[in-house]
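Lifted from TrEMBL, the feature list:
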type     : residues : note
TRANSMEM : 39-59    : transmembrane segment
TRANSMEM : 65-86    : transmembrane segment
TRANSMEM : 107-130  : transmembrane segment
TRANSMEM : 156-177  : transmembrane segment
TRANSMEM : 277-297  : transmembrane segment
TRANSMEM : 317-338  : transmembrane segment
TRANSMEM : 388-412  : transmembrane segment
TRANSMEM : 418-440  : transmembrane segment
TRANSMEM : 452-485  : transmembrane segment
TRANSMEM : 505-527  : transmembrane segment
TRANSMEM : 565-582  : transmembrane segment
TRANSMEM : 602-624  : transmembrane segment
Amino acid sequence: MGTEHTTAVEISEPLLADDKIRDVELESSESIPEWKEQITIRGLVVSALMGTIFCIITHKLNLTVGIIPSLNVAAGLLGFFFVKSWTGFLSKLGFSVQPFTRQENTVIQTCVVACYGLAFSGGFGSYLLAMDERTYNLIGADYPGNRAEDVKNPGLLWMIGFLFVVSFLGLFSLVPLRKVMVVDYKLTYPSGTATAMLINSFHTNTGAELARKQVSCLGKYLSISLFWSCFKWFFSGVGDACGFDNFPSLGLTLYKNTFYFDFSPTYVGCGLICPHIVNCSVLLGAIISWGFLWPFISQHAGDWYPADLGSSDFKGLYGYKVFIAISLILGDGLYNLIKIISITVKELSSNSIKQINLPVVKDNSGSDTSKLLVEQRKRDEVFLKDRIPSWVAASGYVGLAAISTATIPIIFPPLKWYLVLCSYIIAPALAFCNSYGTGLTDWSLASTYGKVGLFIIASMVGSNGGVLAGLAASGLMMSIVSTAADLMQDFKTGYLTLSSAKSMFVSQLVGTAMGCVIAPLTFWLFWEAFDIGSPDSPYKAPYAVINREMAILGVEGFSELPKHCLAICCGFFVAALVINLLRDVTPAKVSQFIPIPMAMAVPFYIGAYFAIDMFVGTVILFAWERWNRKDAEDYAGAVASGLICGDGIWTIPSAILSIFKVNPPVCMYFGPSVSN
């Protein structure tokens, strides 16, 4: 779902089996609506509304820290809540309303995820922003390889056009393989499976009662978060040093090294959703970088780099921050890429695919097996009934690739048509690898594939436009592999909720079309209202600078790094490979405590404050699980979603106030006490 969607939903097979058994009678007797009836006007209206909210939340996370947790549970809950409220209101007015089925719920979910997915894969916090003038100036006009010709500022029309041209290809690339991935290989797709279980539970009597409680819990924490964000705004003054966001909660010395709790409901919510190991990895990365490494390198100012440089000069400490973060991200990405491709090749070359000990759903033996088999046959039948002909997928892909090959060089002249065409020939294979890997591990490597494309194209085009061409190619790859993985994830959800594959595909198309318009419009709100990309503003857009530097590296090589930077980067690159290897070879009871390098990399560049917030979230969840595990499992997702959504919704009025130049009335500021 920057860094990948940090989702690691673990689902044990007995739980799935119990859920299936509990609902078998219900499902067997349930009449399934035709695919056209699963897509409703009210569903599309709710999808557009929720798509807008989730796009804003994704932009906010992308432009501040670049970590985006999975918001699928929130999308499922809010979709259920909005349509139930709608039908309840109309029933009271005496209108007859169409019953709300789980198939319609699944269609809404799919539509929303497709829509807000484009706020991530559209590159608004990474490759598109890396092209702009602010990022160019931040790196420095005199920096070798950073040319003024390689600048393209954000513009609503060209961004919407670019998204329409590239975003639909991923949907058509893997449609013919849906039976292979979902029915034959029985790939788990943990997030898709968890979402399906959630939606299935809403539409049983006991589940509907729990869903009602979860929605009221989400509403309560959304209100608290919205009120708190509004309250904080009044004290945030003009500039970036005021308010609760700069509260030296751990003392002024640690505050200078960015160690402080900044009272952000969003990051605390992320801490509640993300697995404990992700939050602890982020904190460990913050301690290594801001606690030890940056103070150590700062002591060598004047020797390793000129001491009089500005805080955002790439020839100084800032260069170390960006390049060491890049080396960790690339080390982690490369390891996982090789690992997942090798798993895929091994799996495909083996005929005994169902016997291999991989996280593939297996049938449970026992007295309930016959019920489960009946249920599975019904799911297979519904899933395969409304076929999407292969010729539709093939002609759709070829047609869209032709349009795209013609139009992308008009938007980005350095990216020649033959390079676009070559990308589209390789893309389906990469999309398959990413979808298969997501099905096994729940870890989408979309941005890693994007970075591979970035390096290859940037180095091929060379110094005359390589930076712009590399960034555009990165976007092209990223959107195809990301939407292909999302589509398969949604097909798995549809399979388990007895939804038609055709209605899933159509809702993906509609959601993507919505996203092509809503994502750029919501980004424009941020672009106009806030100082995006400035190292001193909350909206640092970390991945914009990182992506542009990667493109320059692809063109120029390593000649311009500060002293000892290449050696330190190589050390961290190797460390990322070794840590990942240790995670895979050690037994589970040990590997669960080994950190994730990708998560460790984020605070290296941004700062430690959000790591503190996420760690607070993880401590709350840990204590809650010890105190009452059942409650924590039922409500932690709702509390987290409420905190994230409330803070996200406040962004809209605060952006509007900023556009109209309305400043907060008070600047709350902290300094050392002065003795007389």
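Here, residue 1 is simply the first one shown, and the rest follow in order.
Note that Cβ sites are derived from N, Cα and C of the backbone, with glycine treated the same way.
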- [ ] Might you confirm whether the transmembrane segment (277-297) is in contact with the transmembrane segment (602-624), defined here as three or more C-beta pairs under 8 A between residues 6 or more apart in sequence?
- [x] yes
- [ ] May I ask you to check whether the transmembrane segment (388-412) and the transmembrane segment (452-485) make contact, with contact taken as at least three Cβ pairs under 8 Å and only pairs 6 or more apart in sequence counted?
- [x] yes
- [ ] Please check if the transmembrane segment (418-440) comes into contact with the transmembrane segment (565-582), where contact means 3 or more CB pairs closer than 8 Å and the residues in each pair are separated by 6 or more positions.
- [x] no
Open item on the list: Would you say the transmembrane segment (65-86) and the transmembrane segment (505-527) are touching, if the rule is that at least three C-beta pairs must lie under 8 angstroms and be 6 or more residues apart?
Closed with: no
Open item on the list: Can you tell me which recorded stretch out of 65-86, 156-177, 452-485 has the most Cβ pairs within less than 8 Å of the transmembrane segment (107-130)?
Closed with: 452-485
Task: Most Cβ pairs under 8 Å with the transmembrane segment (565-582), selected from 39-59, 156-177, 277-297, 317-338 - done: 317-338
TODO: For the transmembrane segment (65-86), find every same-chain residue at least 6 residues outside the stretch whose CB is under 8 Å from a CB in it, and list them.
DONE: 1-3, 5-7, 9, 42-43, 46-47, 49-50, 53-54, 57-58, 100, 104-105, 108-109, 112-113, 116, 120, 125-126, 191, 194-195, 198-199, 202, 211, 214-215, 218-219, 267, 269-270, 273-274, 282, 542-543, 599, 602, 606, 610, 637-638, 640-641, 644-645
